[in-house]
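If you check TrEMBL, you get these features:
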ACT_SITE  CYS330  active site, nucleophile
ACT_SITE  HIS825  active site, proton acceptor
BINDING   CYS192, CYS195, CYS212, HIS225  Zn(2+) binding site
DOMAIN    636-677  domain 'UBA'
DOMAIN    712-752  domain 'UBA'
REGION    753-802  region 'Disordered'
Amino acid sequence: MAADLGELLVPYMPTIRVPRTGDRVFKNECAFSYDSPESEGGLYVCMNTFLGFGREHVERHYRKTGQSVYMHLKRHVKEKATGAAGGAIPRRRNGKVFLDLELNRDFNGDEFECEDEAKLVIFPDHFEIPLPNIEELPALVTIACDAVLNAASAYKKQEPESWDEEIQVSKHARSLRQQDNGVRIPPSGWKCQKCEMKENLWLNLSDGVVLCGKWFFDGAGGNGHALDHFKDTNFPLAVKLDNLTPDIADIYSFDEEEAVLDPQISEHLQHFGIDIIQIQRVHNGHHNTDNTNNVRPRVSEWEVIQESGMKLKAVYGAGFTGIKNLGNSCYLGTIMQVLFSIPEFQRAYVGNLQRIYDYSPLDPSTDFSTQMAKLGHGLLSGLYSKPPMKSELIEQVMKEEYKHQPKGISLKMFKALVSNGHPEFSSNRQQDAQKFFLHLINLVERNSVGSENPNDAFRYLVEERVQCCQTQKVRYTQKVDYLMQLPAPIEAASNREELIAYEAKRNEAEENMRAPPEPVRARIPFTACLQAFTEPENVPDFWSSELQAKSAGVKTSRFASFPEYLVVQIKKFTFVVDWVPKKVDLSIDIPDFLDLSRLRGTGLQAGEQELPDLTPPIVLPEDTRNNSMNSSDSPEIDESAAVQLAEMGFPLEACRKAIYYTGNMGPEMAFNWIIAHMEEPDFAEPLALPTFMDPGPSVASSGLAATPLDNQPPEESIGILTSMGFPRRHTVQALKATNNNLERALDWIFTHTEREEEEETSDALSDMADTTEPNDSAFSNANTHSDSTLSPDQDASGPRIKDGPGRYELFAFISHIGASTMSGHYVCHIKKEGRWVIFNDHKVCLSERPPKDLGYIYFYRRLSSS
């Protein structure tokens with residue numbers, strides 16, 4: 001028999017691999033579904049790629065790859081036998097549990113036991129070889145099988161314990177010298193001191209300078225000014241401001257080129273006015289139950305939002321599938337529950353499920369569309385939300401207990417994909433659901449080129465009116481947005497006198513060391529929130545094109561178009577002076593029906609004078625400014641970055657071109673350029689630039705600049721803007737005119753539509769460069785016709801929007817429990833089939849009292865004109 005098995009496996013031996021260090025073995029989850037070894041059909045693990053597949057999807061992988069040998073894993077979960085007294089037998093009999101798997105059900109481990117089964121399966125004949133079978137299998141196959149069976153979970157390397165062990169204390173931590181320069185860092189309003197970027201900001205712990213970090217693969221990040229500062233000063237340590245918490249401080253050592261620990265971080269932050277000890281006193285974790293004076297309002301909020309104490313009826317079936325909490329992952333689960341209750345997302349991913357699966361790459365775990373389709377199908381199919389059997393219900397009634405818990409789905413593979421490379425979402429800490437929503441919108445934009453884009457349902461245009469206070473002249477611009485941030489003016493609370501009295505009693509209690517009074521929650525009318533949204537706000541660092549200098553300016557915002565689905569975030573969270581993150585305890589009478597028609601923008605009004613259409617002077621770093629007019633015969637290229645890329649296996653000349661065409665913005669941006677251009681025939685040819693006096697035809701046709709100052713913008717930035725529907729040529733010009741700043745490039749596009757058409761008309765090369773002319777009346781249509789609909793074919797130069805009436809109905813909201821968005825818990829309520837349903841992690845029940853007044857993010861759908 002041994003010889004027979006050996007001969008049977010000989011043709012497949014070249015395809016059987018032993019997992020190496022770094023190989024991930026997917027033994028818990030199918031790449032196309034949420035089947036696991038506990039599922040009825042078990043899980044098939046490819047013995048070459050180590051990807052897992054459910055019974056319905058393993059054949060697809062076999063046909064696509066020709067891989068024939070799989071390990072079939074099956075876990076049987078049984079209720080433990082009971083003794084004569086009716087109690088569970090204390091001795092566990094799990095002798096056949098040899099798989100390193102997590103129990104995917106919410107069973108009590110003291111009442112259930114597992115029995116695992118493994119075998120090799122050879123396709124297409126489904127020939128099965130039970131395991132372990134050491135004596136009869138070839139040595140290589142035995143070693144490979146043992147390695148797969150004993151391999152850790154594909155995601156265990158992301159656990160905090162293993163991550164913490166890798167980070168070492170910086171050699172500079174204890175000897176760091178901090179300058180006594182009087183710098184104090186405010187709790188908000190940070191921006192890079194060189195490029196004014198407002199995200200991915202790092203505080204240098206030596207001199208208190210705030211600068212932007214490097215560019216990330218997901219399109220976020222900065223221009224690397226923090227690293228440039230280190231090169232100039234040799235100040236080695238910096239801490240990330242964006243996600244600074246009492247428990248976590250992301251510290252990077254530029255000298256050691258890695259993330260590090262700083263045992264003196266509290267003292268180093270205190271030097272610049274950041275009291276991390278004070279933050280610690282008010283920060284709570286997911287399940288923290290401290291005994292501070294703030295516990296009472298938080299417990300009340302916890303009970304109200306989760307509808308605790310009520311006998312909620314569980315619901316099952318399609319659209320009622322829960323999502324397991326992986327530990328501080330509820331921010332992700334609530335967003336995905338709401339998104340896949342929207343028809344546009346259902347149609348784009350679940351409606352195209354078979355096409356997406358058929359064209360998925362060889363590793364579907366890394367494909368965004370595949371994982372979105374998988375998630376949508378998991379939530380909407382009902383396969384993972386089945387009610388208990390009738391016999392189970394009868395038994396539960398007889399025993400007067402309820403054991404069955406909805407299974408739900410686990411989003412480990414999805415979370416690993418969408419958070420890859422992101423410093424916040426890739427951690428195991430709680431995050432802001434609003435930030436994740438915008439992050440996911442960005443991922444959908446980048447992965448919807450050439451296909452249906454469900455973001456069209458959220459996208460709308462904002463009309464911004466900026467007025468120079470000194471000259472009274474105005475400028476109207478439009479920008480794309482996906483979410484409306486609504487202020488919550490505490491001064492407009494209907495119970496203001498009660499709040500003032502509470503504050504007085506609380507201060508008195510603190511002075512006299514007495515127990516604090518019963519907290520009072522602010523009640524704010526929704527109309528007051530809308531009024532605060534419409535009021536003018538000061539524009540920091542406003543540059544008046546009329547005065548050609550900085551001046552005072554005010555800005556008001558209106559809707560240039562109304563989206564199909566309106567997302568409203570209540571701005572509940574703020575930082576107080578001592579850096580303590582504070583959530584304002586308030587309730588807002590959120591309406592079920594909303595009419596925003598009066599907030600539609602009107603454009604330039606009679607009697608208003610426009611500010612001159614001049615772009616503010618671009619402030620370049622000194623090294624760029626000094627070298628901007630160098631001869632093109634010797635372009636500035638960061639050779640060290642080129643060598644770093646070449647070590648990854650790319651041709652050196654291609655790496656040098658990538659560094660040049662991405663403006664020396666670092667290896668990350670250059671890597672994106674390489675991926676986008678590696679199929680071009682001249683990919684590995686040396687960089688050849690035309691002279692300044694003779695641009696040559698290739699420059700005109702490709703839109704490339706003639707000098708290093710006017711480089712081709714990064715392909716990543718071009719891709720983000722073109723995915724919104726803007727023509728590539730228009731996008732390139734906008735990025736060049738704004739020094740590759742995405743936000744300013746969007747404003748440039750909206751304010752230069754007519755000029756662009758005139759330039760194309762007068763440009764002799766326009767016929768060769770573009771075949772589509774933009775419509776100069778696009779935005780006048782948006783401003784004057786309230787019921788018009790803008791679409792890509794109506795306005796080729798603008799973003800794809802679905803304009804219509806500004807009347808909406810509430811259909812979902814996400815609530816937050818806790819003191820900070822970076823701690824606590826998220827729950828969502830969705831209106832389905834006329835009833836409100838609460839989604840609290842894996843538990844899905846009919847809602848009795850949806851706490852609409854305590855929500856954080858609200859989702860409205862447009863009412864039909866009829």
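Heads up, the Cβ atoms here are built off N, Cα and C, so glycines get one too.
No curator has checked TrEMBL annotations; they are predicted automatically.
In terms of C-alpha distance, the listed binding-site residues CYS195, CYS212, HIS225 place CYS212 closest to CYS330 (active site, nucleophile). Taking the recorded positions CYS192, CYS330 in turn, the residue surrounded by the fewest other Cβ atoms inside 10 Å of its Cβ turns out to be CYS192. Those residues of the chain, other than CYS192, CYS195, CYS212, HIS225, with a C-beta within 8 angstroms of the mean position of the Zn(2+) site C-beta atoms are LYS191, GLN193, LYS194, GLU196, MET197, LEU201, LEU211, GLY222, ASN223, GLY224, ALA226. The Cβ of CYS195 (Zn(2+) binding site) has CYS212, GLY222, ASN223, HIS225, ASN741 as same-chain neighbours under 8 Å, each 6 or more residues away in sequence. A gap of 31 Å separates the Cα atoms of CYS192 (Zn(2+) binding site) and HIS825 (active site, proton acceptor). Broken down by DSSP into helix, strand and coil, the domain 'UBA' (636-677) contains 29 helix, 0 strand, 13 coil. With helix defined as DSSP H, G or I and strand as E or B, the domain 'UBA' (712-752) counts 28 helix, 0 strand, 13 coil. There are 22 other Cβ atoms within 10 Å of the Cβ belonging to HIS225 (Zn(2+) binding site). The most densely surrounded of the recorded positions CYS212, HIS825 is CYS212 (count of other Cβ atoms within 10 A of its Cβ).
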